[in-house]
């Protein structure tokens, strides 16, 4: 044994499986940037005319003198890979699109893969000019019709097939929309994409309490039910959903910079090649999580690596309690490649809100009605994004304070570090209002929600226009259907001549044009607040100063502030009095508080609580984990200990907002002052002397080894098993001077490692299930203790009345269960606190 002696100085994881249960209702979509006011009322339905290569005439006629219409519905293999031109007559103009094959505008980070067949998606894309004008630009896809946009003479045009369901090439009418650019010049606009600026700062994985830009690189998977329902409009639909969700995550009420980025899209063409389908939501999630792993490159720097995977399906599935479940995900699994995934049931545009909600769970946000949220914030209502049941989203405050707090703690705790790498060139998501796209006309909105046999039912009253979507069967049924009494039309849906829907109201197009354009406004930090109260009255507390991103608040998907948002410093650093309640270790005081709650064991005995260190993962050392002083129970009473609590008995670092921060022995955060071997802060080690000795013989029973006096430090007592065999019949024991056993008394041996508390000082015991049994402490001993060796042997006869030593097998089983929870459920490796290498212990 070794120790240093000097004169006595006067001075959890609960794995949440959360299921979103929506009332069957829709919510008005948030306004999309770049699209609110600039679309002109005029729409043209037309047949694009294909002009073959080198035939640049603006009109072709057949034998009857009628302009020839070339079908464009099919894949046009005779066009792919070759230059092609189209003539369009609209808005009093003849527009000649001169196209060359070009897939370069697909982001290198975007991978569109059809699972079950090989499809050369890149051959669909073309670029070029309009009317040979050098300042014009065309970017379209020629697969399944003409989809895309072009710019000429300061105007933007969007073209796409109008009747998706038509299979007759001669009936493939296209719709052309024009938007004036008179108010768009030289404006900084941001949609769903995350731009990499030339002055971007590399991410720092060690920053604490700092607002940083996070990029959720996402895999989108559409199963066969989505392919069958949406056909060629599938990509447009799923990217529109992601665009809406991305706008929600850019709202400043989240108090973090979160950018949703699509890096890869998988389209499952053949069901047998996709994840196994189930009507059980939990099983479906598990199957998808296992399936998606094969598509994720392991390196975070790979352009196709993704942080989370999302499955979109039209198939119904059930949750724990209801079959009205629209999404499933596990809580806090972001950056875990095996579990960072979610399953979304598609019901049209409102699936964007399901997607945002389930992604919130993956980012550790609980439901707003959870006990943890209500305990801190009270009743939060049903109109935030993480409400378990909601009908309408509060667009001015889509995220509750609880959601903002949980995602901030998740990111500050380092659990979202995989989100810090910025994509090199993310895909641009759609920015137009959904109702302005033919895919989301009123009939399509009904079909996406109720099924393909439905169509729009004319509203009974003018008040229902834009605010209530009614649908009916196409078979002539007179009964109209809606869901939950609140199913508004999609924003941008035409609601009359020169009118469109905005936020459930039918407004004139020119009225919408007078609304301020959706110019992105970046946020800026406000002033620092004054320092708050100190967390401790002595012994080194912490107080804080905060600042908000409110000067101005970000608007219209503008950037959220980046940089330090919390300042902290030490306060009340003087030593606590060694008397009264301060004689207890500060963490002991916090556990002792729960003695009054009258927890009982299985026998009805009231439990007393002490801190638990042994077996607690390093990432959880700033949680208040307590165990029963005399029993096997343990509980996580608080997710964070009081600021200023030391992280562990063998360190000077302290907990700040749930994180372990370096501190010195002078109780000042950031200080480099250390205890010398005598336990003196900043000392030179000259105030104590080393004492060491050994015991090689003992007799049956308890044998006194040494009395360690009060004030000793750096205690290290070792019991080597004979011939390296565990349970060699010798075990360490501890006793106070008044005969009270602290360890292994009454012939009962503790098998597992544990912490022994002696008036605020912690001695760590290795447990007897080891060939090197050990007791250690680097703190000053507040009172004298007696070290003993309990000796027994199976080779000797025991006197009558002397029972053989007993092992606390219940304790071992409880401890093993705790480890199983840590390792199996949370995938947290059990790491015992690191001890210093054996050093000489000195006595004064």
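Placed from the backbone N, Cα and C atoms, the Cβ positions cover glycine too.
Remember, TrEMBL labels are computer predictions, not curated facts.
Features as listed in TrEMBL:
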type	residues	note
REGION	162-205	region 'Disordered'
COMPBIAS	181-192	compositional bias 'Basic and acidic residues'
DOMAIN	214-423	domain 'Peptidase M12B'
BINDING	217, 300, 307, 418, 421	Ca(2+) 1 binding site
BINDING	217, 300, 421	Ca(2+) 2 binding site
DISULFID	289-341	disulfide bond
DISULFID	318-323	disulfide bond
DISULFID	335-418	disulfide bond
BINDING	357, 361, 367	Zn(2+) binding site
ACT_SITE	358	active site
DISULFID	373-402	disulfide bond
DISULFID	446-471	disulfide bond
DISULFID	457-480	disulfide bond
DISULFID	466-501	disulfide bond
DISULFID	495-506	disulfide bond
DISULFID	534-571	disulfide bond
DISULFID	538-576	disulfide bond
DISULFID	549-561	disulfide bond
Next item on the list: Pick out which of the disulfide-bonded residues 341, 495, 534 has the most other Cβ atoms within 10 Å of its own Cβ.
Entry: 341
Notebook entry, point to check: Based on Cα coordinates, which of the following binding-site residues are within 10 Å of residue 373 (disulfide bond): 300, 367, 418, 421?
Noted result: 367
Notebook entry, point to check: From the Cα of residue 402 (disulfide bond) across to the Cα of residue 367 (Zn(2+) binding site), what is the distance in angstrom?
Noted result: 9
Notebook entry, point to check: For the recorded Ca(2+) 2 site formed by 217, 300, 421, which further same-chain residues have Cβ atoms within 8 Å of the site's Cβ center?
Noted result: 215, 301, 305, 306, 307, 418, 419, 420, 423
Margin query: When you rank 335, 357, 446, 471, 501 by Cα distance to residue 421 (Ca(2+) 1 binding site), which of the recorded positions ends up on top as the closest?
Written below: 335
Margin query: Give me the CA-CA distance between residue 471 (disulfide bond) and residue 418 (Ca(2+) 1 binding site), in Å, as a whole number.
Written below: 44
Item checked: Reduced DSSP assignment, residue 335 (disulfide bond) -> coil
Notebook entry, point to check: For residue 501 (disulfide bond), what residues in its own chain, 6 or more apart in sequence, show a Cβ-Cβ distance under 8 Å?
Noted result: 435, 465, 466, 488, 489, 490, 491, 492, 493, 494, 495, 507
Next item on the list: Compare the Cα of residue 323 (disulfide bond) against each of the recorded positions 300, 341, 357, 571 and report the nearest.
Entry: 357
Margin query: Counting other Cβ atoms within 10 Å of each residue's Cβ, which of the disulfide-bonded residues 323, 576 comes out lowest?
Written below: 323
Notebook entry, point to check: residue 307 (Ca(2+) 1 binding site): which of the recorded positions 335, 341, 361, 446 have a C-alpha within 10 angstroms of it?
Noted result: 335, 341
Notebook entry, point to check: When you tally the Cβ atoms that lie within 10 Å of each candidate's Cβ, which of the disulfide-bonded residues (373, 446, 538) has the highest tally?
Noted result: 446
Item checked: Residues satisfying Cβ distance under 8 Å from residue 549 (disulfide bond), sequence separation of at least 6 -> 211, 252, 255, 523, 524, 525, 526, 560, 561, 565
Checklist line | recorded positions near residue 335 (disulfide bond), in sequence order, restricted to 361, 418, 534, 571 and a 10 Å Cα cut-off | finding: 418
Next item on the list: Provide the three-state secondary structure of residue 318 (disulfide bond) computed with DSSP.
Entry: strand
Item checked: residue 357 (Zn(2+) binding site) in three-state DSSP notation -> helix
